[in-house]
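Positions annotated as signal peptide by Swiss-Prot: 1-23. Annotation comment: Swiss-Prot describes Gln54, His158, Asn203, Glu204, Tyr346, Glu417, Trp466, Glu473, Trp474, Tyr482 as beta-D-glucoside binding site. Look at Swiss-Prot and you will find Glu204 tagged as active site, proton donor, backed by similarity to another entry. Marked as disulfide bond by Swiss-Prot: Cys223-Cys230. The annotation N-linked glycosylation site is assigned in Swiss-Prot to Asn229, Asn361, Asn371, Asn510. Annotation comment: Swiss-Prot describes Glu417 as active site, nucleophile, evidence class similarity to another entry.
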Amino acid sequence: MAIKSIFIIIIISIITSISELYALDPSFLRLSTSLQRSSFPQDFRFGAASSAYQSEGAANVDGREPSIWDTFTKQYPEKISDGSNGDVADEFYYRFKEDVAHMKEIGLDSFRFSISWSRILPRGTVAGGVNQAGINFYNHLINELISNGIRPLVTLFHWDTPQALEDEYGGFLNPQIVKDFVEYVDICFKEFGDRVKEWITINEPNMFAVLGYNVGNIAPGRCSSYVQNCTVGNSATEPYLVAHYLILSHAATVQLYREKYQSFHGGTIGMTIQTYWMIPKYNTPACREAAKRALDFFFGWFADPITYGDYPKTMRELVGNRLPKFTKKQSKMVRGSFDFFGLNYYTSRYVEDVMFYANTNLSYTTDSRVNQTTEKNGVPVGEPTSADWLFICPEGFQDVLLYIKSKFQNPVILVTENGMPSENDKSLSVNIALNDEAKIKYHQLHLTALLEAVSQGADVRGYYIWSLMDDFEWEFGYKYRYGLVYVDFQDGLKRHLKSSALWYHHFLSNSSSYQMD
């Protein structure tokens, strides 16, 4: 009887929170049957995503030691838009049960999160000590998800290298990282693999290498002095070294999983790569070649090795001896090292050829000999959003999916991030801020584009909204809100479902969908 009473209370609380959203302004939800969950394959899964440093908080709690992001945000607060950090973030570490309840309320099939390496291995290695409290946290989270019918999709590395390894040998600039990474993931597979059936080795390795080691905007903040105001780094060599050791770490992880765990646990493993769709700025042969080159340098940089065992030919030609080489043994290990492609897509770019190229002040940015822009003749590439880098380009999403299908042997694809932000306008009341109608339109357009790609043969099997909750958005701090769930950073981190969460709830329950104007 007590269990039945608790169940009734839970149901009432869910209805109340959904009703609160209706009460705000029911006009935002115009229902139709134009796009529903039933439009997608039966086993297609829908979810939302997060990452450890961006959401967990509890930075110095229960044995966790600093990552490079803890150090970067303290050492270079001027590189964060609002000077903030992830010390507290959403306090997901303490409030995960509340957040899982919201996931269930929305109707998520799956939740993507990452594991904090330095919460499991505070010093980065087993020799430095295994933190049982960290293992316990992720066990509790995984169990809570599964008990609520939500499938975990776990990212092993989401940009948060243990600071101890950065101090000891330079982190991903050193081949030693491959051994230490495999040691770390082995613990994760052993501790969580009986319940986690899908793993992402590394999130957006291209963005980590470019932003962290070419322009220095994110941790660890390295670049050549002629690129940005960095005190250390080499933008002509370090991005390629870091990428190389990321790829080898990924491949060694997949090899370990396949040899030791996959047959027993029955799971799958892949890498997540972010890309723009590269559109020739003008209909000329030079622009068309430039767009292909831009894709090679951004997406193919990682997708080519894990599919074919080596970097794109264009990179070999243009980067020369600054691009590391795989040994025959490494190439064999790297080739085919995925069960699925993880794709993060947000927006598109126009691309044109750079006609004049100087052999001075070299960097990853100049090596591709292209110029990326967000406008052509004063017209933006898509509808603008509150973020000056993100324009709404759903047709580019379809093009990316079909490009992956045709160039990379039609792999299984999971769309592991797709989303758009609203600005964190502190002058707005919470009730007004909860109405994020533009975000609903964005997702409707992109889901329609995804369906079209599937109809043309792309093997897409999942879609994850970025993000579950408003969180710490790297170099932008708390400037933007991507979440389905509003986090009130001014009032005790209280959670409120946004209108986009209600739309997703209706979409996932197959009852209705948002009608676009």
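Glycine residues also receive a Cβ, built from the backbone N, Cα and C atoms like all the rest.
Shown here: features listed in Swiss-Prot, placed on the structure.
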residue : record                        : Cβ neighbours (10 Å)
Asn203  : beta-D-glucoside binding site : 25
Glu204  : active site, proton donor     : 22
Cys223  : disulfide bond                : 27
Asn229  : N-linked glycosylation site   : 11
Cys230  : disulfide bond                : 22
Tyr346  : beta-D-glucoside binding site : 25
Asn371  : N-linked glycosylation site   : 16
Glu417  : active site, nucleophile      : 24
Trp466  : beta-D-glucoside binding site : 23
Asn510  : N-linked glycosylation site   : 13
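Look at the Cβ of each of the recorded positions Gln54, Asn361 and count the other Cβ atoms within 10 Å; the largest number goes with Gln54. Cβ neighbours within 10 Å of Trp474 (beta-D-glucoside binding site), excluding its own Cβ and spanning all shown chains: 22. Among the record's beta-D-glucoside binders, Gln54, His158, Asn203, Glu204, Tyr346, Glu417, Trp466, Glu473, Trp474, Tyr482, no two C-alpha atoms are more than 18 Å apart, and one pair sits at exactly that spread. Here Trp466 (beta-D-glucoside binding site) is compared against the recorded positions Glu204, Asn229, Cys230, Asn371, Glu417, and the shortest C-alpha distance is to Glu417. Nearest in space to Tyr346 (beta-D-glucoside binding site), taking C-alpha to C-alpha distance over the glycosylation sites Asn229, Asn361, Asn510, is Asn510. Considering only the recorded positions Gln54, Asn229, Asn361, Glu417, Trp474, Glu204 (active site, proton donor) has Glu417 as its nearest partner by CA-CA distance.
The distance from the Cα of Cys230 (disulfide bond) to the Cα of Asn361 (N-linked glycosylation site) comes to 14 Å. Cα spacing between Trp474 (beta-D-glucoside binding site) and Asn371 (N-linked glycosylation site): 25 Å, rounded to the nearest whole number. Listed in sequence order, the recorded positions from Gln54, Asn203, Asn229, Glu417, Asn510 having a Cα within 10 Å of the Cα of Asn371 (N-linked glycosylation site) amount to none. Taking the Cα of Asn361 (N-linked glycosylation site) as the reference point, the closest of the recorded positions Gln54, Asn203, Asn510 is Asn203.
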